[in-house]
Amino acid sequence: MRECISIHVGQAGVQIGNACWELYCLEHGIQPDGQMPSDKTIGGGDDSFNTFFSETGAGKHVPRAVFVDLEPTVIDEVRTGTYRQLFHPEQLITGKEDAANNYARGHYTIGKEIIDLVLDRIRKLADQCTGLQGFSVFHSFGGGTGSGFTSLLMERLSVDYGKKSKLEFSIYPAPQVSTAVVEPYNSILTTHTTLEHSDCAFMVDNEAIYDICRRNLDIERPTYTNLNRLIGQIVSSITASLRFDGALNVDLTEFQTNLVPYPRAHFPLATYAPVISAEKAYHEQLSVAEITNACFEPANQMVKCDPRHGKYMACCLLYRGDVVPKDVNAAIATIKTKRTIQFVDWCPTGFKVGINYEPPTVVPGGDLAKVQRAVCMLSNTTAIAEAWARLDHKFDLMYAKRAFVHWYVGEGMEEGEFSEAREDMAALEKDYEEVGVDSVEGEGEEEGEEY
C-alpha cells in the first residue's frame, strides 16, 4: 500500500487541514466519528483511500495526519469541533507558547522543545504503514510556526526518512493582504532552509484565492473558511489520484517526475476550474473545452503571476468526473493552436493528462456548486519567479534598514543567515531566468545531419 502522511503546521496549516479532511471524509463517505457505513470489509485495507486513512480493528477510519502548532487555541478548536472523534488525541500536538510570527522562535527557541515529540508521533504513524511513500506538509510562509517550525521539521524528516518524497502546500503571503509585517523575512528564511529538503511545493497565494472568491463566487468579504474550502478542493484534486483508483499520478513521486525538471525549480503553479457558485451552475453546463481553457486564464491561478510572460516547462492536467479522453484531446489541440502558451524549447509540448472518474464533491452548505466535471492544472512555469521577485523586493526594503532584525537575533539567529537566505533567493530567481532562455548554441552544426 502506498501511504501518505499529512502534516499540518501552524494556524494556516491546521485550518487548511480541517477543510481538507472534512472534504476527504465526504468524498469517501466517512462519518465524523470515523465510521464508514459503505465499507463492509472491516480491515480490508486494500482500498485506495487507505493511502490517507488507517483502519482500526473496530472499523474506525483514522486520518494519517499530524496537526502541530506552538500554541493551543487553533488545535483546541479541532479538539472540540465536529471532527473531534476522527483524530487520535496524540495526533493533535500543541505547545504552550506562540512563535509570535518569528521564524527564529519557530525554528530555534520554541520549536526545538517540541520537535522530538512531533517526530515521535510521525514515527508511530509511519510504523503503521506498509509502504510509506512520503509526506505532504501544509503551512504558511508568513507565520512563525509555519515558517520556522516547518523548516526544522523538513530538515529532520530528511534525516529520518531520507528517500521519502516531501510535498509542500504553502500559503504565500498575499501582496496586499498581510497578517504580519515580517512575512517577507519569514518567507525567505523558510524557503532558503527548505529548498533542498522539499521535492515539490505547491504555493497558494491568499490574495489570488480572495479574488477568485470575490469574482467567481460573489462573496463580497471572503472569510478564511471560504478560502480554505477552495484550497481544500484544489488539494483534493491533486491528491484524488492517490485516493481513488485513477490511471495517472497514482504516486507522489510521479508528480516530481513530471513537473520538476531541476531540483530547485520545484514550485508548480496550480489552477483550478470551474469555480462557480450554485446559482450560476444551475443555469449552465460547463464543457471539457471550457474548463480546460479556464485553466490558462491567469484569473484562475492560485498564485498571482502571468504565465504569458513566462514559459512552461511542464504541464499536467488532472480531470475528475464525467470526462472522456476524446474531449480532452480536442481541448488540448485547441489550446496548442493558441500562441499565448509558450513552452521552453528544450521541452516537448506534452501535456500530461490524468482522468479520475469520481466527480468532485462539495461541502453541503458551502459556496461551491456541485459540478459534473472539474480540472486542476499543475504547470511548472518560469513566471512563478515574479512571485519570488515581489517577496525579495519587500525583504530588501526592510533589510536595508535592518528593521525588526533584532527580534530574530535575540532568539539566537545570526544576521548572516538573513543575507545567506537572500543570496539563495537571488540564485533561485536566476535559476528560473536561465531555464527560460533558449538553448541557442550548438544548433548550427546539427542542421546538416538527418538522423
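The backbone N, Cα and C atoms fix where each Cβ goes, glycine too.
Just so it is clear, the model here is predicted, and its values are computed rather than measured.
Feature annotations, courtesy of Swiss-Prot:
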BINDING   10-12, GLN15, GLU71, ALA99, SER140, 143-146, THR179, GLU183, ASN206, TYR224, ASN228, LEU252  GTP binding site
MOD_RES   LYS40  N6-acetyllysine
BINDING   GLU71  Mg(2+) binding site
ACT_SITE  GLU254  active site
MOD_RES   TYR282  3'-nitrotyrosine
MOD_RES   SER439  phosphoserine
MOD_RES   GLU443  5-glutamyl polyglutamate
MOD_RES   GLU445  5-glutamyl polyglutamate
MOD_RES   TYR451  3'-nitrotyrosine
SITE      TYR451  site 'Involved in polymerization'
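Overlay of Swiss-Prot annotations on the structure.
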residue: GLY10; record: GTP binding site; DSSP (3 states): helix
residue: GLN15; record: GTP binding site; DSSP (3 states): helix
residue: GLU71; record: Mg(2+) binding site; DSSP (3 states): coil
residue: SER140; record: GTP binding site; DSSP (3 states): strand
residue: THR145; record: GTP binding site; DSSP (3 states): helix
residue: GLU183; record: GTP binding site; DSSP (3 states): helix
residue: ASN228; record: GTP binding site; DSSP (3 states): helix
residue: GLU254; record: active site; DSSP (3 states): helix
residue: TYR282; record: 3'-nitrotyrosine; DSSP (3 states): coil
- Query: Roughly how many angstrom lie between the C-alpha atoms of GLY10 (GTP binding site) and GLU71 (Mg(2+) binding site)?
  - Reply: 8
- Note on the structure: Near THR145 (GTP binding site) (Cα-Cα within 10 Å), the recorded positions in question, chosen from GLU71, GLU254, TYR282, are GLU71
- Taking only the recorded positions GLU71, GLU254, TYR282, which one has a CA atom nearest to the CA atom of ASN228 (GTP binding site)? GLU71
- Item | Residues that sit under 8 angstroms from GLU183 (GTP binding site) by C-beta distance, when 6+ apart in the chain | ASN101, PHE141, GLY142, PRO173, LYS394
